[in-house]
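Per TrEMBL, the features are as follows:
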type: BINDING; residues: B:Asp34, B:Glu35, B:Asp142; note: divalent metal cation binding site
type: DOMAIN; residues: B:28-251; note: domain 'RNase H type-2'
Amino acid sequence: MDCGDRARARQHVFLLPEYLKDASKKMKSGLLFVKLVNPCSGEGTIYLFNMCLQQLFEIKVFKEKHHSWFINQSVQSGGLLHFATPMDPLFLLLHYLRKADKEGTFQPLDQVVVDDMFPNCILLLKLPDLEKLLRHVTEEKEIDKKKYYKYSKEKTIKWLEKKVRQTVSALKTNNINVSARVQAATFFFGDPVSSDKEEDYIRYAHGLISDYIPKELSDDLSKYLKLPEPSASLPNPPSKKVKLSDEPVEAKEDYTKFNRKDLKTEKKNSKMTAAQKALAKVDKSGMKSIDSFFGTKNKKVGKI
Amino acid sequence: MDLSELDRDSTGRCRLSSPVPAVCRKEPCVLGVDEAGRGPVLGPMVYAICYCPLSRLADLEALKVADSKTLSESERDRLFVKIEEDGDFVGWALDVLSPNLISTSMLGRVKYNLNSLSHDTATGLVQYALDQGVKVAQVFVDTVGPPETYQERLQERFPGIEVTVKAKADALYPVVSAASICAKVARDQAVKNWHFVETLQDLDADYGSGYPNDPKTKAWLRKHVEPVFGFPQFVRFSWRTAQSILEKEAEGVLWEDSATGHQEGPGRIMSYFSKGPQTHPHLPHRYFQERGLESATTL
Amino acid sequence: MESSDEKTVEKCRVHLRPGTLHDAALATLHLLPCEVLVSGPAPVERFFTPAMRQGPDGLEVSFRGRGLRGEEVVVPPGLVGYVMAMEEKGEMLVGKDFSEDSWNDEREEQELAEPPEALERDFDQFIGATASFSRFTLWGLETIPGPDAKVRGALTWPSLAAAIHAQVPED
């Protein structure tokens, strides 16, 4: 498997922050795409580093069935549109801090941020003001002018709550519709639909933030925010299962890409509608040759 | 015949008409409807009406108009000139439906078949004559489909007019023959002077009769397949001949309403879901799902 | 459960050539409402562009005999559109083995200490912008995509992302 002719001919359509263009004038290099572990799903996900601006970017891709691009005098199948947006590196660092916390000791950051699978995680250590950032989620000690860190769940939850708050206000200024979906509303039979609008915003913001943290932390945050258990208020509608099996057509995604642990532990039945919707959306049947460039140089790893 | 409007834009439809003879606004008239170019896979379809006062029908017959199919091209051209010369009592109007209009109608999400398109066009032309003040008393229509339902519908639409829909009406009624000549002359001229929307290289003008069973036409179609765009808009994409050539010789294109190739979903996912709704993989938040966004895992 | 020798190491870096971001010429882009099952050259200028018409409510064109309706979409302020393509160079190194642990360790230490040039390793890949854009034409099948088009929703992501990822105030 490598990036063969088809892959090379592929054109990627991106939207980048304009300031990257300005910053690039002074750069000869230092803009790099790498694969790092996604702190929510655990799967390899692409991020962009700007080593000159010392900034991390997340890459989201718009992917809807039945699209293609005409780009000048060419056609590009798939119709993908990539977005690079600045990302808080703390979400990625948290993954390693929590992992290291299993040892229960204070450790220097360069011993925490290590990854056999995603060695490029060391680039995170080059980002600026890490000490300041880490204060939000760790206890720290200084010995011989070297800093040692230990994950603090309490601090992390407080930090995440602030994230939720600032997301809530952005949701409001951006006029995002956060109310329970029409489809979902029918399942609130007895319950009055969202008596508290503010709660809808918080739940929505919590959901967004949850896409950047592991499930366990998301559940803890939910409790801290006193969000009602969604599974309690949303009985699982059996009709949906029927609908799903009516539509084998849509089920073409390769689910091996999802973290298998999630398969076993996930239990928020309130999300079934979303699950089915997404199933329909992530069909990649038309995308002929999406072999990752990031897969091309991979090798089987022996013991490291 | 001045088809310059079609030359300017051959992507839609255009209407052409003679001035309305003054007598046709005073006396009850007979009006014929016929079409040309319904069958070909190439070029436009033309619907035409021709009309004259009932009192002058004998004068129209004297022109020796006949079913356009039995006439040579030069005879048709000559007869059309005569019809024009008799513009003091004979009027005509026609609609040129571009192949692009035919393709997009027939291939629409809501299929608009050729019969409906034809009927609506014919109805539109009769209405146009009425709107111009022509005192239409009788209408004769040539048809390829079953005449009964068509006649019923037209009669219902124009209750004050005596409607006759008949197969081979173009051979039976001189006013329909005259309409068929107008239609055929327009179609021939449109095809001969077709203004291709596309910038084509090595365009071969020898496309035969344009009928799908003509080997010359088929060869032309094969020669002009473009792998991504298919054919120039001169071709009716909705014709089976055109589609089967595209299936073999052009790249595949999937639309949200195409009903192809979705049968073989991997059973693995279904079996996973049939385990029950309690388990499912991580899915992005609804904000992302509603916007078709997901984290990029490949470049 | 998963032994490390069954997984692959994601060590590749794809370097985006900074210079290409300000050299990139403007391109014309159309987002079609269909999947063309091929990527490559296509005579858009000869077949598609000349068939576009300004209709009473938006742009009109047809593709493969199907009617399309379109509208201009402007890239949100603060963003620039780029078309990028991989460079072929890195190809030669496929299969080169980097398995010695010592090599890795040494290399990683170097990276920490050195200027950005060391970010490039000989097995890395390069990508460059081949064109830029500030607008594109969004086509819908027979209807104008309109404000409810998913891609329009997607375009609002950067402004929300900025809020989610902004640093939180200190205590």
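Keep in mind that glycine also has a Cβ here, set from the backbone N, Cα and C atoms.
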Per-residue Cβ crowding (10 Å cut-off), top of binding-site residues B:Asp34, B:Glu35, B:Asp142: B:Asp34
DSSP three-state assignment for B:Asp142 (divalent metal cation binding site): strand
Check: same-chain CB within 8 A of divalent metal cation site center, minus B:Asp34, B:Glu35, B:Asp142: B:Val33, B:Ala36, B:Tyr47, B:Ala48, B:Val141, B:Thr143, B:Ala169, B:Asp170, B:Val176, B:Ala179, B:Ser180, B:Ala183
